[in-house]
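A single structure is presented below for examination.
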Amino acid sequence: MGLFDKLAGWLGLKKKEVHVLCLGLDNSGKTTIINKLKPSNAQTQDIVPTIGFSIEKFKTSSLSFTVFDMSGQGRYRNLWEHYYKEGQAIIFVIDSSDKLRMVVAKEELDTLLNHPDIKHRRLPILFFANKMDLRDAISSVKVSQLLSLENIKDKPWHICASDALKGEGLQEGVDWLQDQITQSDSSNEDMRDK
Ligand SMILES: Nc1nc2c(ncn2[C@@H]2O[C@H](COP(=O)(O)OP(=O)(O)OP(=O)(O)O)[C@@H](O)[C@H]2O)c(=O)[nH]1
Ligand SMILES: [Mg+2]
């Protein structure tokens, strides 16, 4: 880190950097969500299925997020685990209208939660029950039941209903994530002070 960066950090001018993994099945809307969180002049108009992964950035009032937007296609899902150590938070996206593959989404989530690089860490997980605009979408409560989210006891989690095309529900989710990360920072500082 250069002297300028250090100074900016001390003066509170530089936002804390957080690495986030964006996971979920293909076609759930991960890239669309991340794109909508970027400033409007950095947003792209045509979103195509992600190949492998892509690294994206967006900022909130106090944090600077670097997102690993992973492809959800079956053949690329084995890439996810290589980034688990790197991730400080997870955004997990579900297509709420894809009832047929809800069981596949649950399998991928369970595999993630049981992975040694994730299992014993208190990472915040933000779920987006996406595509709420579609007529056959199920509610976020139903999504959370089908994924058995109530069984996640050792990590803070939150589910938001979203429509990534209109950008609805995204801000609420990201505000929650920011609160979780800043709270855990201040509790770590409290621990160090003791
Ligand atoms: N109706 C509707 N369509 C959406 C929504 N979010 C995303 N889509 C559409 O769903 C399709 C897939 O979106 P992507 O963002 O590419 O999905 P992804 O999860 O990144 O897919 P992979 O990169 O293949 O893993 C695109 O046609 C999007 O326009 C939503 O909230 N509602
Ligand atoms: Mg994508």
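Cβ atoms are placed via backbone N, Cα and C, with glycine included.
Annotation source TrEMBL lists GTP binding site at G24, L25, D26, N27, S28, G29, K30, T31, G72, N130, K131, M132, D133. Residues annotated as Mg(2+) binding site in TrEMBL: T31, T50.
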Taking only the Cα atoms, work out how far K30 (GTP binding site) lies from T50 (Mg(2+) binding site), in Å, as a whole number.
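With distance taken Cα to Cα, T50 (Mg(2+) binding site) is 9 Å from K30 (GTP binding site).
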Going by C-alpha distance, which of the binding-site residues G24, D26, S28, K131, D133 is nearest to T50 (Mg(2+) binding site)?
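Considering only the listed binding-site residues, the nearest one is D26.
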Under a criterion of Cβ-Cβ distance under 8 Å and sequence separation of at least 6, what residues of the same chain contact D133 (GTP binding site)?
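D133 (GTP binding site) has long-range Cβ partners D163, L165, K166.
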Can you tell me which of G24, D26, S28, K131, D133, our binding-site residues, come within under 6 Å of ligand 2 at the Cβ?
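Near ligand 2: none of them.
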Once the chains shown are all counted, how many other Cβ atoms turn up within 10 Å of the Cβ of S28 (GTP binding site)?
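Other Cβ atoms within 10 Å of S28 (GTP binding site): 25.
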These are the binding-site residues: K30, K131. Which one scores highest on other Cβ atoms within 10 Å?
K30
Name the secondary structure element type, per DSSP in three states, that contains G72 (GTP binding site).
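Reduced to three states, the DSSP call for G72 (GTP binding site) is coil.
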So what sits near G24 (GTP binding site) in its own chain, CB-to-CB under 8 Å and at least six residues off in sequence?
K30, G72, F92, V93, I94, D95, A105, E108
